[in-house]
Amino acid sequence: MNSLLSTLLLHVGNNPHQQQQPLMNTTTIVMESLVQALMQWPTKVLENGSSVMMKTTKTMMNYTDAWLGGAVSMSTLSDSGVISSSSRSLSFQVLEPNFMHELLVRPLNEVIRNISNSLGVDQSAATYMFFLIAMNFPLALVLRMTRFGMMRAVLGAWIGLVYTFYTFGVHTLHSIAVPLMVYLWLYVTVGMSDRVVKYLRRSRARLAVPLVAVVFSFGYLLVCHYHRMLTDYLGWKLDFTGLQMLITLKTTAVAWNVYDGILVHDPDSKEGKGVTNPYHRTNRLERMPSLMEYFGFLFFFIPVLSGPIYEMSDYLRFIYGEYEAHDISFIRDLNNSTRERKNPPIPWLLVLKKIILALVNMVLVLQTASYFGREQLEDVIYERGDRPRELLGSSLLYKFLFSFACMNSIKFKYVVGWCWSEAALLITGFGYQRHYKSGEFSFAGAEAVDYFDHFLASNLRDVTTTWNVSVSKWLRNYVYTRVGEKPGTLATVITFIVSAIWHGVYAGYAIMWIHYALAMSLIGRLAHKKMRPYFLNDVEHLFSAKNSRVMSYTYKILSFIATGIFTSYILPPFLLLSWGNSIQFFRSMQWCGHMAFFPIYVILTMIPSRHGHHSERHGHKSVDSVSTKKNQ
């Protein structure tokens, strides 16, 4: 109660944003105070835990003192944790926490500080780079040589926890507590009683099993995002919310996998009666994962800080060496498996490609970050300083070009982290899987970004599906295809709303994703359907032998330009974050995109359709990503 009152007084008397925002009402103050209190529980746990450990240590030393006949003088036990005695030439010493700090943490801090100073980046970014480059690769080789089985899970999770506790400190407990609560929920509903499982299989209430996990995980994530907004308003500081975002997706995916495998799947049917979606059927879990499997999956060290996320089925194949298995049903009878267990060959050319991409994008980050960022974009839209007059004045063309440059520049740092993680994953053999349709093997399970297809994307759908591939895949398979049997525009809008919620609580995220969903569903699909046949004979394949080479390149170039114009107008609220900045951006662009939206839609509907062969997906990649073409 005292903590809550203190927080209330802090908000009333010393609100850092009071000058920019009107006085908050009582409801807002109470809500923010509750959020602050909730976010502080790991610190309280640590403090109370330290007190309990000290009392336990004193009790143990009392027994030791009695057993040794008073050899240890308890009067020498200080609050700092040091216990010593010189009586009978016997010396005991409980090492202070400072011992481990001096032995391991301080040297690591010095290394990271030097990296930060050398590259000119903040220490949180330097910490990420140290683990992603200096630590992941040698540890990936160690993990590859580790025998198949639970040892891989233990080693991978232990290293991951070291990474996260060093990077985020006690706040890592948030990312442990939430999945633990979800695991307990799944265990109580489907892991304890066969009777409950049989009842749920016959009842519509079974849908509550994954939905409760989704609502709880995303609800807690929203609280974390809100706390982040309160404590680092409009900031880009790396903190535990990034880890919480990844944990949320993996936790909810497990809940859906358990739902598919235990509550929907018919074990007597080889075709998985009840699970109609082939992706869901391939990744179903027919038993509850053990607690070690579960947390090993969540805290696997290579992608724990930066992604990509992955399926539990890919993780289980990796730790048990069951790469040949067509689906996840192998976990029912691991001991009697006759398949050969061995690591897949390391694709060195692909590893080299990822490393080169990472290095190139590191250079791009260092060269462009100070010229094309949020502050620079704000200067342009608010017409501050001399920047708007340097090239093309404050013209609309200049703002479009500058917006395009900013939205591409901020992507480079994400590519760096993903490519380093992908390269290390490829070395371990993680992500090697068989395609559920073609049966071909690939490393699609380790893919994070389809780099060249993304930056050369010629339609709005490809922009999203080639970027952050694993999250796009999650959105398709755990949101888009779950909304209804025949997802359409509504499913697309819902999917992008979930994506906005996942990214954070700033208005800019919602503004961007809603605009993007409407533009892609109404303009993008219609333009693709109506315009493509006028350029191509084979509408399914851009560079088919049936198409004119000139027309194919003309269509590609025009589509690329149109996509660039749309994204330059729609994406900036994602970077600008706040409602005010987002509205100012549209105002500075004279609302041209909004005014052109309806006329473009009407014109496209009036264009006569030419006969051509169109697939249901309109001949281009779906929302789950280009990688679905390779593997799901």
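Cβ coordinates come from backbone N, Cα and C, glycine included.
Over in TrEMBL, the protein carries these features:
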REGION    613-632  region 'Disordered'
TRANSMEM  125-143  transmembrane segment
TRANSMEM  155-185  transmembrane segment
TRANSMEM  205-223  transmembrane segment
TRANSMEM  291-310  transmembrane segment
TRANSMEM  346-366  transmembrane segment
TRANSMEM  483-502  transmembrane segment
TRANSMEM  557-576  transmembrane segment
TRANSMEM  588-607  transmembrane segment
Chain residues outside the transmembrane segment (483-502) and at least six past its termini with a C-beta under 8 angstroms from it: 218, 221-222, 245, 248-249, 471, 475-476, 509-510, 512-514, 516-518, 520-522, 623
Leading stretch by Cβ pairs under 8 Å, where the reference is the transmembrane segment (291-310) and the options are 125-143, 155-185, 205-223, 346-366, 588-607: 155-185
Intrachain neighbours beyond the transmembrane segment (346-366), with Cβ under 8 angstroms and 6 or more residues off its ends: 119-120, 409, 412-413, 415-416, 419-420, 422-423, 426-427, 429, 443, 451
